[in-house]
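These features come from TrEMBL:
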- Arg97, Glu162: substrate binding site (BINDING)
- Glu162, Asp197: Mg(2+) binding site (BINDING)
- 34-265: domain 'HpcH/HpaI aldolase/citrate lyase' (DOMAIN)
Amino acid sequence: MSRLIRKVSFQSPVIRHVRSVGSAPPTKKYTPRRALMYVPGNDERKVAKIPKLGADCICLDCEDGVSINKKLEARTNIRRILDERSVDFGQSECSVRVNSVESGLCEEDLKAVLGGNNLPMALHLPKVDEPDQLIWFAEKLNEFLLHQGKAVSPIGLIIFIESARALMRLPEICEQASLLRTMCPIIPEALVFGSDDFVADIGATRTPEARELLYARQKLVTVAKAFQLQAIDLVHIDYKDLEGLKVQSAEGARMGFTGKQVIHPGQVSVVQAAFAPSQDRIEWATQLIKEFREHEANGHGAFTFRGSMIDMPLVKQAQNIVDMKDKL
């Protein structure tokens, strides 16, 4: 049984996550998502491979990976997987991508996913174009949990940005997302860049170098970090091109992305290696933090470390590396 499927307790007809004014919003431990792997919820053959994938985040998909005539089958199968705990997720996060609010399918997806005894660790909401869609999502989540009187731990929310409109309204979307935890047991944790829909929306042509997406990727990273969210990069669609994947993953990591979407098991190890700190960087960061604390204890500010002047921005970078190492 996966330790990452939440058990729901039926304790009260009153929804347990509603908080009084002044009470603390829910909190949740940091979950690394170096590789976000999609598995169509209706594809039993691919579902059976989950125990061997090893990706940080496994996303059972109801959306793009599932044809319109298989949506019911996908959500029904996902509900069974959650209830029966029939799939061993190991150390991978068990999450579910529902259909978009605008599709008209999201409500039935939520009803199915939230309707059993066990819930996923995170929900993925695709094609978020405006803040009001998040409000609708939160209200529906409350409605289904309240109907069954469920007490739940916070569920992570992963928001997909896939259009020009969404990119322009991204700060507003993130601002609204930051308020959701006061409305329902949801904690926004990541932004995902949906590059293929974005390319279609702006009328661009997808190239291997992805230069046509540089601005969008930079903006998504910047806004994500401003709101303390993870930033998950585009899919490398040529799944056989592992060298190209390695190059693009390294580029994404340098840009500030914390992970990358993958569509094939062969991509997982390449991506997770790119978004994990190297042993040299871990050693550098650990020693820098150690010396920083010694200087701080002695009342010193900036100091020299291995020939470089160290100030607080570098200390913060080092601490981020140490924190990531601890999480992994």
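Placed from the backbone N, Cα and C atoms, the Cβ positions cover glycine too.
Locations of recorded TrEMBL features on the structure.
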residue : record                 : DSSP (3 states)
Arg97   : substrate binding site : strand
Glu162  : substrate binding site : coil
Asp197  : Mg(2+) binding site    : helix
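Looking at Arg97, Glu162, Asp197, the binding-site residues in this record, the fewest other C-beta atoms within 10 angstroms of the C-beta turn up around Asp197. Taking the C-alpha positions, the distance from Arg97 (substrate binding site) to Asp197 (Mg(2+) binding site) comes to 16 Å. The average pLDDT computed over the domain 'HpcH/HpaI aldolase/citrate lyase' (34-265) stands at 95.
A straight line from the CA of Glu162 (substrate binding site) to the CA of Asp197 (Mg(2+) binding site) spans 5 Å.
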